[in-house]
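Novice: Shown below is the structure under consideration.
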Amino acid sequence: MSGPPPGIDISSGGGPPPGVNTGRGGYVDPNWPFPGGPNDAPVIIYGYTPSFALALLATILFCLYFVAHLFQVVRYRTVYFCTFPIGLAFEIVGYIARCLSAKVNPYNLIFFILQYFFIVTAPVFLAAGIYAILSALIHRLGREYSLLPPKWILWFFITSDVVATITQISGAALIGVKQKKREDPTAANNILLGGLAYQVFAIGLFIILCGVFIFRARRQIKQAGLSLFIAAFSTATLLIYLRTVFRLAETAEGLGGDLSTKEVYFGTLEFLPVVLAVPLLNVWHPGRCVGRSIASDSKEEAGIVELESRG
């Protein structure tokens with residue numbers, strides 16, 4: 001990320017004049033003078049003052065979704081789907097930090113780092129739950145319709161999630177350190193970019209494998225009464241993918257790029273896709289629709305598991 005325009009010294013702690021949008025250097029809210037605290041940046045790194053209404057709405061919605069998904073994971077004993085409520089817990093922490101940025105102090109680096117770290121990494125856990133659903137579907141409908149064995153699919157994509165998570169966490173943490181020290185975060189941003197790029201690749205590959213499986217098993221899907229579930233599952237997957245592509249493009253621009261300094265992009269391409277995807281898998285929960293197991297040895301056994309889960 002390049003520095004602020006000539007004549008604006010952010011290292012002195014004084015910041016630019018109020019109301020000046022310094023582009024890649026940050027922004028100062030004319031209605032919110034620079035507080036000058038030890039953890040405050042001299043400019044608002046977001047490029048805008050975050051909307052408290054949006055952050056509060058997100059916090060409330062994700063809290064409701066978290067409770068619902070946690071209840072369903074316990075109710076249907078779907079251990080393979082437990083990463084979904086973990087991802088929602090990350091969303092909650094991230095948006096609480098964003099609320100604090102919006103309401104308490106938008107210059108505070110701790111609030112910025114927390115919201116950035118948790119909101120960026122949360123969908124990694126949501127994606128892990130989506131990967132597990134395909135494995136459960138393969139066991140339910142038949143392994144002959146899948147290009148790869150379900151265990152290979154599950155472990156490859158879970159491993160990909162681990163790699164993407166570690167890379168993104170490392171990059172996000174280093175960005176926070178660099179921002180706090182007021183150093184150039186380009187190298188740290190590139191680490192985060194690598195994690196996001198790999199995640200985009202992994203989810204894209206997953207969509208291809210999933211699409212082939214659904215096409216080849218289309219008759220079995222209809223006979224099993226899973227058409228609506230498949231529609232909900234596919235829509236949720238594409239929404240999470242859209243969000244990940246947005247984050248990749250945003251990170252490629254850097255923290256001061258247009259995608260990261262206009263909240264309308266954050267609201268429509270980060271918040272909205274996730275908040276629409278999550279309730280789809282509440283209504284059509286895999287534990288109720290597919291079964292609680294991803295390790296059954298036959299379609300008949302998977303059917304018994306499904307009946308047990310519904311009972």
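Keep in mind that glycine also has a Cβ here, set from the backbone N, Cα and C atoms.
Features from TrEMBL:
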type     : residues : note
TRANSMEM : 43-67    : transmembrane segment
TRANSMEM : 79-97    : transmembrane segment
TRANSMEM : 109-134  : transmembrane segment
TRANSMEM : 154-176  : transmembrane segment
TRANSMEM : 196-217  : transmembrane segment
TRANSMEM : 224-244  : transmembrane segment
TRANSMEM : 264-284  : transmembrane segment
Novice: Out of 79-97, 154-176, 196-217, 224-244, 264-284, which stretch has the largest tally of CB pairs under 8 angstroms to the transmembrane segment (43-67)?
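Specialist: Comparing 79-97, 154-176, 196-217, 224-244, 264-284 against the transmembrane segment (43-67), the winner is 79-97.
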Novice: Between the stretches 79-97, 196-217, 224-244, 264-284, which one has more Cβ pairs under 8 Å with the transmembrane segment (109-134) than any other?
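Specialist: Per the Cβ count, the answer is 79-97.
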Novice: Take the C-beta pairs under 8 A between the transmembrane segment (224-244) and each of 79-97, 154-176, 196-217, 264-284. Which stretch has the highest count?
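Specialist: Stretch with maximum Cβ contacts: 264-284.
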Novice: Relative to the transmembrane segment (79-97), which of 154-176, 196-217, 264-284 accounts for the most Cβ pairs at distances under 8 Å?
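Specialist: So the stretch in question is 264-284.
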